[in-house]
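Input: a single structure, listed below in structure tokens.
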Amino acid sequence: MTETDAIVALIALFEREGYARIEPPVLQPADVFIDLSGEDIRRRMFVTQDASGTELCLRPEYTIPACLQHLSRHGAQPSGYSYGGPVFRMRAGESGEFLQAGLESIGRTDVSAVDAEILALALDGLKQIDGPAPIVKLGDMGLLHALIDALGIAPAAKRRVIRAIVSGQGLASLAEPEGPGAQEHAGLLAAIEGQAPQAAKAFVEDILSIAGIARVGGRSAGEIAERFLARAANRTGLSDEARQVLERYLTIVGDPDQAAHAVRTLAKDAGLDLNGALATFEERTGFMAARGLDVSAFSFAATFARNLDYYTGFIFEVQDPRRRDGKPIVGGGRYDRLLEHLGAEAPIPAVGCSFWLDRIVGRP
């Protein structure tokens, strides 16, 4: 089976399940991806300009284009989409142009049921294209956010904790000392500490504009603002108690039932209310089992997280045990904040997944 054959087979499956095929333009507005996709994708995008100087990029992924199309045509009305075609981003040791297929469910409020549906369709899709016996890895940004909030951790520290987990450096990296010049900028750092990222960035850019500073050392005002935000986050520490609870949470691994039990025990021992997030986690597990999925074969890891602000709940990766590099062949998750970032008046529930076809069909 070729990658093109795989797209045809996957789209046929997804359309039978109610996910209509869409074909977003290959050329996309670059600013949307630069603002929302995270540093990993930003630095690997292929960017150009049109005749007016507007920055465009070759489509680096499908989720944001699907969301933009949904907002332009359906608003908050529930809809399901499927897609398949080329995406473009630089990858070490792999082609910068590769075929991707996937599906997105936008607007459904039966969150746990559709989370389970997306995972089930991902696994059905792999069977449809003769994919390998998969290893399924689960995470839950909702649990992590609920734990951090229950511990009363400040927003700047919360972002830094999540970055430390995603990077694999762990909480030990949060103890790094402040760099040179911290005293000189203490007032500015204190002013933005704890602010929401966009508000803090706008504040720093305003200060630089008032001072008549456009670029320093080749960096734009926006890039300078990002550096100040990072330094403000570095100033925000964790209490010993919060650190201990987080470190214990990050040791939790096992199948979903084992993980839920471990989190419930942790919450009880620490005197924290995680009942809402745990109820969602366990409801999702129940829907997975109801769809015939062997949840005991899935592996939850508390250290599995994503750094993008709009991921709000369930996340997953499917891996091929034959691949030595450990790269996922399917990845997905819930991103309830993304459409609001793209212009929706309120958060719209959404979840989806993508297949890396060159890793499935092209080579093991």
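Numbers here mean position along the shown chain, with the first residue as 1.
Glycine residues also receive a Cβ, built from the backbone N, Cα and C atoms like all the rest.
Look at TrEMBL and you will find 13-364 tagged as domain 'Aminoacyl-transfer RNA synthetases class-II family profile'.
Per TrEMBL, L-histidine binding site is recorded for GLU61, TYR62, THR63, ARG89, GLN100, GLU104, ARG306, TYR310, TYR311. Taking a C-beta cut-off of under 8 Å and a sequence gap of six or more, ARG306 (L-histidine binding site) has these contacts in its own chain: GLY139, MET141, VAL166, ILE315, GLY333.
In the three-state DSSP reading, THR63 (L-histidine binding site) counts as helix. With the fewest other C-beta atoms within 10 Å around its C-beta, GLN100 stands out among the binding-site residues THR63, GLN100.
For the binding-site residues shown (GLU61, TYR311), fewest C-beta neighbours within 10 angstroms: GLU61. Along the domain 'Aminoacyl-transfer RNA synthetases class-II family profile' (13-364), the predicted structure has mean pLDDT 88.
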